[in-house]
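K.L.:
For reference, the structure I am asking about is given below.
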Amino acid sequence: MSSVTTPAPVYTWTADEAIKFLKEWNFSLGIILLFITVILQFGYTSRSMFVYVIKMIILWLMWPLTIILTIFNCVYALNNVYLGFSIVFTIVAIIMWIVYFVNSIRLFIRTGSWWSFNPETNNLMCIDMKGRMYVRPIIEDYHTLTVTIIRGHLYMQGIKLGTGYSLSDLPAYVTVAKVSHLLTYKRGFLDKIGDTSGFAVYVKSKVGNYRLPSTQKGSGLDTALLRNNI
């Protein structure tokens, strides 16, 4: 005698249950969305580096969460049409995630900075101050870059980098590293304001496929930009 298997019951969400869920979780969801909105709105390197790092973490988590949700949609698709769209979205999300990692690794090889894995931009401005390389992200590669020193505090494009510097410490060149090439900016103007303050304007002068010069003494690489075929 063969046993008859009964199909598992399909649970459906009623409108009343949905309204009840929103009433119970509305306050928490509102606080979470408000927190994310404030972080995304005010997370800039020129304002607060701590808030900016939190913003980068949120943006970085968006990709794996998107992939998880699209895979979930594939497993629990409502019909074949939803399944087809879910498969396409999953493939696109995974490909873009892989491309992000490939570009970030290439940029890391070029600069050696963990800012290369910034999900917001692939532009890293770099300045060598007395053998110390400062690397920070910028949204785009501008035609000019401004470096300011205010009472020994070093700022580049409004982003504070360090202290204990003077105008005489400013290099002749700064760079903006991208995935496929390196932009070189030449100092075109320097003005001193008072005894310990001033600024310099750097103008884009050369574009090439290079990596950052080494700052290690004795390597023979301090004054040259090296060819990089990646």
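In case you wondered, yes, glycine gets a Cβ from its N, Cα and C as well.
According to Swiss-Prot, the protein carries these features:
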TOPO_DOM  1-24  topological domain 'Virion surface'
TOPO_DOM  46-55  topological domain 'Intravirion'
TOPO_DOM  77-84  topological domain 'Virion surface'
TOPO_DOM  106-228  topological domain 'Intravirion'
TRANSMEM  25-45  transmembrane segment
TRANSMEM  56-76  transmembrane segment
TRANSMEM  85-105  transmembrane segment
K.L.:
When DSSP states are grouped into helix, strand and coil, how many residues of the topological domain 'Virion surface' (77-84) land in each?
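P.N.:
Summed over the topological domain 'Virion surface' (77-84), the classes give 5 helix, 0 strand, 3 coil.
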K.L.:
Over the topological domain 'Intravirion' (46-55), work out the mean pLDDT and round it to an integer.
P.N.:
80
K.L.:
Same chain, outside the topological domain 'Intravirion' (46-55) by at least 6, Cβ under 8 Å from its Cβ: which residues?
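P.N.:
Same-chain contacts beyond the ends: 39-40, 120, 157-159.
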